[in-house]
Amino acid sequence: DPRGAARWLSVAAMPFVKTQLNTELFKRDGAKEALPQDIEEQMMQASFQATRNPPRSDVVMVFPYKTHATVRWGEAHLEEEARGLKPPSERERHLMETWQAKRGTVLHALSDSGLVLFLYYSRDRDEIFVRVAADEQHLRQVAEMKRYKLELKPQYFSAYAEYKNDYVGRRELNYSDRCVVSHIYKTHTDEEGQMHYPQSGAIFRTCDRIRLIDHIIRAMDHNCAGVDIGQLMHDGELMHYFPMHENRRLHDMDKDWFKCFVSGAEIDKVRDYFGERIALYFLFMSHLNKWLLMPALIGLVLSIMQLFPASWDGVEKHTTFAVCVGMGFWAVFFIHFWRRTAATHALKWGTLGMGKQLEPTRPEFVGVSRINPVTGRVDRYYPWSERIWRVLFSASVVTVAIIVLVFVICVLMALRHIFHRNNGRLIFQIINAIVVELMNAVFTNVAKWLTDRENHRAYSEYQNHLLAKTVVFKFVNCYVSLYYIAFFKDKQTLFTMPMKCAYGGDCLKDLGSQLAIFMCVRLTLQNLLELGLPWLSAKIREFREKRSFNTSLFYSTALTVMPDLSQAERQSKKEDYDVYEDMDEVLILYGYTTLFVVACPWVPVVALLSSVLECFLDQKKLVLLYRRPFPVPAANNEPWDTAFDIFGVLAMMTNTGVIVFSSDAFDGTSHADKALMFLAIEHMMILGRLIVSFAFPALPRNVKVLQMQQAVMVHRHLNLGGEEDDHDTRAHAMMTTQIPAPF
């Protein structure tokens, strides 16, 4: 195939990989000799014509080439022998031959699928980097085959519709069956020179190109390679697989970080670059920031009023009750209105009503090969009858861990009493907060180990089971001691020792001081570790590679210069980003903010500052310290939305209980009357939630109407094969520049 040969030799002109390509990349069916010189010259001439304007490389695959940089391997043995490299052992030789055979199979499959490959060695020549690209015509063919949805122009309500190529029609039917729809798709241009004259392939955003190339690599459809990325990474035959960063876009988002990641004013930039899943996380953070403004302002005013006891004592009871009711409504309304915001943006991004998507297999998944009864193709399978025993084992471990945790918390509360008698209350509160964070970190690793043992195939299944384990443990670990101080500490005994709240028996002040220490310690440690660990690990890897390069790869002389890493190799040294960890941090912060806000009205102020700081640090991690993640389509943040909703209901009940049972607002009232008051306030808030849900449904009415309008527009202009009945809309869509109004 001349086109396939041109694609292979688009990299053969590079002198540093030509030798390896002659022996490795052109071996077919066990051939031992390189291609004849005249055939190779013809291929190189064809490749020169094919690579004058090569497509942009969007995805990188990193294959292992040698077991170590100091091992001699490959055809360039004279050069490597001159550099003092050692010959491989028998085990290393066998392993590298296995890598070579598997790598050749994968590269042949990628080339046969029509992808454009650019290969080169790493700096230490122990890895092979393959930058994968696809031309526009190939992307269009796969998009039509996959029924990939693209955004239409604003004249068509910016709807999302399956991509279709133009069909000129049949001559014998007088071209009555023609379908010309290419002009209705929106073009995405970000270069000044292309704003009015976009390229023909501009209908694909970078996220679209990455998703389509990933589909070509993984799928077993026509014109696809059918490479099992998860199995390759599990077997160690593929080291990394990631999309390339675009430095100009990163710089643009980094410059406007507040609008993109904090306020959400330019959240579309985040979505176009990182995909909907990560964009929804930052959109949620911007929603949280906006909703925290009012509680933070009120809490700041109340905190200032508390500095003047003469004016505060007269309004304390009424103010505390108002804060209880107000924050109760805030907690139960927050997620409801977030769902409305998420639905609005999901419609704008084309993911509203998106069904369950087929997810790629996790590299850690282990299963037996079988014929899939649905697709009829070979895949890996792990029966639920074997997984159920591991799930039960995980549940037993979590139950035992929670029982042990409750005992540890009781011991800590007893130690708190001993420290308090010796004027060491502040020291103990700091120690208690550090112990809480350490136990969170330890159990997170235990939960990951348990979930890994359960052997889930898809990442969503893995995430759901991991969240179910960690949220219960962390709720008990982070908040049970605060519940004890708020409801059970005063006038109780623990291990035969009488308990009493600090500050003259004022449990709310005691609760506020412990909560303040918890938040300060958590924010300090978490933010330091969040940025410090990835940065430190990157520096350690860089130091080790530099030492290995200077001492082993070349003779150490004063003139030895360490070459710079390529852009792809620099990105391969970074860590993988996981939005799960950031959502977990925000959930714990949300609990600290809402559960006991009646006792600590200043908490929303700290939460707002920490939320903005979290957005800034997460943005820096994405831009500087992590590889670009694959864009994942999503319509919401589930299961996190449900977790936040549950926390909101618990916050409503907790604040109502604090104001009714623990404060002096209802002193002199019997326990029965207090219980009735608690139920009345709680049911009032639930009724308010129901009324608001009816008046403002989770799916806004304007969104529902627009969704139906978009469906009609797609059916009229795409499914019916043209727009003969709507010449004005078609003419407007075909215009490349706006016609100035006449004078």
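Placement of Cβ uses the backbone N, Cα and C atoms for every residue, glycine included.
Taken from TrEMBL, the feature domain 'Anoctamin transmembrane' covers 270-705.
Among the features that TrEMBL reports, transmembrane segment is placed at 291-312 (among others).
Within its own chain, the transmembrane segment (318-338) has Cβ neighbours under 8 Å at 284, 287-288, 291, 295, 298, 302, 305, 594, 597-598, 601, 641, 644-645, 647-649, 651-652, 655-656, 658-659, 663, 665, 681, 684-686, 688-689, 692-693, 696, 698, counting only residues six or more beyond its boundaries. Residues annotated as transmembrane segment in TrEMBL: 318-338 (among others).
Positions annotated as transmembrane segment by TrEMBL: 391-414 (among others).
Tertiary proximity for the transmembrane segment (426-446) is limited to same-chain residues at least six positions away from its ends with a CB under 8 Å from its CB atoms, namely 397, 401, 405, 408, 412, 415-416, 419-420, 470, 473-474, 477-478, 481, 513-514, 517-518, 520-522, 525-526, 588. For 426-446 (among others), the entry in TrEMBL reads transmembrane segment.
What TrEMBL lists as transmembrane segment is 466-487 (among others).
Per TrEMBL, transmembrane segment is recorded for 515-536 (among others).
Residues or ranges marked as transmembrane segment by TrEMBL: 586-617 (among others). Beyond the ends of the transmembrane segment (586-617), by six or more residues, the same chain brings 257, 261-262, 282, 284-286, 288-289, 292-293, 295-296, 298-300, 302-303, 320, 323-324, 327, 330-331, 440, 471, 474-475, 478-479, 482, 486, 508-509, 511-512, 515-516, 518-519, 522-523, 527, 530-531, 640, 643-644, 647-648, 650-651, 654-655, 658-659, 662-663 to within a C-beta distance below 8 angstroms of the stretch.
Residues annotated as transmembrane segment in TrEMBL: 643-663 (among others).
TrEMBL lists 675-699 (among others) with the feature transmembrane segment.
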- Item | Positions on the same chain near the transmembrane segment (466-487), where near means CB under 8 A and six or more residues out | 394, 398, 401-402, 405-406, 409, 412-413, 432, 436, 439-440, 443-444, 447-448, 450-451, 501, 507-508, 510-511, 514-515, 518, 580, 584, 587-588, 591-592, 595-596, 599, 639-640, 643, 654, 657-658, 661-662
